[in-house]
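One structure is given here, and the rest of the page talks about it.
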Amino acid sequence: MAAPAILNGGDATERETRMAHSAMTLVQVINGGYHVVTKVALNVGVNQLVFCVFRDLLALSILAPLAFFRERTIRPPMNRSIFFSLFFLGLAGIFGNQLLFLMGLSYTNPTYAAAIQPSIPVFTFLLAVLMGTEKVNLLKVEGQTKVGGTLVCVSGAIAMALFRGPALFGGKDAADSVKSVIIDRSQPELNGWLVSSFLGLGFDQWHIGVLCLIGNCMCMAAFLAVQAPVLKKYPAYLSVAAYSYFFGASIMITTAILFVREPKDWSLTQSEVLAVIFAGVFASALNYGLLTWSNKILGAALVSLYNPLQPATSAFLSTIFLGSPIYLGSVLGGILIICGLYMVTWASYREQQTTSAGNEIASSSDVRISEPFIYRDETGK
């Protein structure tokens, strides 16, 4: 089903809506390129924590001045609730999201890392139900479709985790020949302890990477689920992104100081510096700024809907630049994830359109059709 692209009234114009859709397309294209760039950096042997620290500091140095000068007149006062919400956004959306992604990517490949990202919208829906911000009526078709789509999507994620299958395209994964080098030489004690713990339980490195990527998706889902109501109370989107990066970078720096033992790990080669610049400027500052603004305009339902663009972009780029193969398990699991995703979003939009039609009759035609499905107050506005 095609997602509604126009908001009838509300606080966003049709031009802003079109710009937000274009922005989210750009975000996912950049994310696909980021998967390839970071895989190359990991293969060279850059320390994951050090990479994240430099990336976050660079992004914060861009977002903080922009937020300070552009939103000084519209930034609401800070309170305890907003403070802790922003801290959580930094913990989940910056620290957990980035670190788990890099750990997962180092043990899999860019195609696989991108193929599992479409599970983010369904994880967002599950968290919204647990938080009580999304209701499911199992007596209606929409509610049944939501539950069915969630199960289909989770089944796809499980299939990707348990079934790798033969390579459909490409040859031997370039990452296989360097994994041991990456693990032995480059990664901090935090990573080594985590990996050794899972290896002791019978997991291999591929499945450890898959678990890290699932954790990465859940962190991003939590980030979107919490960010939507925060933007209602604190509509300065650049400030929300900057504060999130401030808290996330602070946690990342503290973790790096504790677990990065080798001074040489803090020195970067020229190619690693270029990877950090791409990650900090484009995949962090630009992407998170656009994502936060689009979340304010479109809502998390539509923002999450753009994640399925990542697998195609990443697969295309990684096959060209890395020679990474595309596995049967990734294809089958990705198909299930995307099918489940569209089942959930179709049911959500059906419910929203029904609610909007009722509100138009009861009040006026100035009603938001594309209301975020992870946030709903008592009045339904």
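Numbers run from 1 along the shown chain.
Here the Cβ of each residue, glycine as well, is placed from N, Cα and C on the backbone.
Feature annotation from Swiss-Prot assigns domain 'EamA 1' to 31-143. Feature annotation from Swiss-Prot assigns domain 'EamA 2' to 225-345. The transmembrane segment annotation in Swiss-Prot covers 26-46, 49-69, 82-102, 112-132, 151-171, 206-226, 240-260, 273-293, 297-317, 320-340.
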Mean predicted confidence [pLDDT] for the domain 'EamA 1' (31-143): 84
Secondary structure content of the domain 'EamA 1' (31-143), with strand meaning DSSP E or B: 89 helix, 0 strand, 24 coil
